[in-house]
Amino acid sequence: MDEGGGAGAAAAAAGNAAGAAVHHNARSAEDVFRDFRARRAGIVKALTTDVEKFYRQCDPEKENLCLYGLPNETWDVTLPAEEVPPELPEPALGINFARDGMIEKDWLSLVAVHSDAWLLSVAFYFGARFGFDKEARRRLFTMINGLPTVYEVVTGIAKKQTKVSNGSSKSNKSNPKPSKQSNSNSKPAKPPQPKDEEDSGPEGTEDEDQAYMCGACGETYANGEFWICCDVCEKWFHGKCVRITPAKAEHIKQYKCPGCSSKRSRE
């Protein structure tokens with residue numbers, strides 16, 4: 001990351017260009033939600049699959065840094081925009097200063113909470129700019145509320161909530177849960193699906209609860225997607241979220257997700 005005003009200007013340019021794209025092309029709640037979802041995906045990636053890189057970039061010795069989620073599903077840690085007032089609402093300032101003074105998981109959770117607030121502020125900023133009426137604002141909020149928050153994904157709360165939602169309605173299709181294998185070559189390319197309420201019973205295991213959502217982005221499984229399971233934490237991930245293809249998975253004897261790999265390297 002570049003130092004000084006140049007980095008801040010670059011961040012402002014990136015954020016403002018993204019905002020300009022939405023300004024010119026989007027006029028509906030669905031368009032703003034797509035922008036929200038992409039920025040959220042970038043931030044989730046920073047705090048999960050790219051956490052080692054994110055941790056390094058948040059150097060407490062540097063100036064006030066911010067975490068930006070970008071509309072192309074990437075992220076950037078850089079200085080805040082120099083423009084006053086900024087084109088878009090700004091994320092929390094100085095996230096790097098608390099890094100070494102907190103337990104890592106607590107620090108990541110704090111960044112996640114501030115990121116959730118920023119994502120909402122950007123989405124409803126666009127809503128105000130586009131003159132959304134009550135119904136459009138309600139529709140936008142409903143779509144946003146259908147996704148787990150960044151905080152819920154980072155802390156694992158989203159996986160626990162899945163059990164409640166799955167138990168409240170019956171599934172039309174029952175898919176048995178595949179057995180865990182120690183070798184990734186023999187693992188199925190998709191995660192286990194929620195069982196029918198009558199089959200699963202009132203009590204489910206922690207492992208079953210965590211299998212329904214991607215450990216990186218928090219999204220649920222869709223037919224035809226390639227997923228892979230970590231042999232260490234036994235969480236499931238979209239192949240695209242952890243940059244693993246079916247061909248690459250064939251040659252992996254024991255798969256470790258980015259989170260487990262980064263923990264081992266720092267111990």
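Just so it is clear, glycine is given a Cβ too, placed from its N, Cα and C backbone atoms.
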(request) Have a look at 52-104, 211-263 and point to the one annotated zinc finger in Swiss-Prot. (result) 211-263
(request) By DSSP assignment, list the helix, strand and coil residue numbers for the zinc finger (211-263), in that order. (result) 10 helix, 8 strand, 35 coil
(message) Between the Cα atoms of D231 (site 'Histone H3K4me3 binding') and Y221 (site 'Histone H3K4me3 binding'), what distance do you get, rounded to the nearest Å?
(response) 19
(request) Looking only at C-alpha atoms, tell me how far W236 (site 'Histone H3K4me3 binding') is from W227 (site 'Histone H3K4me3 binding'), rounded to the nearest Å. (result) 7
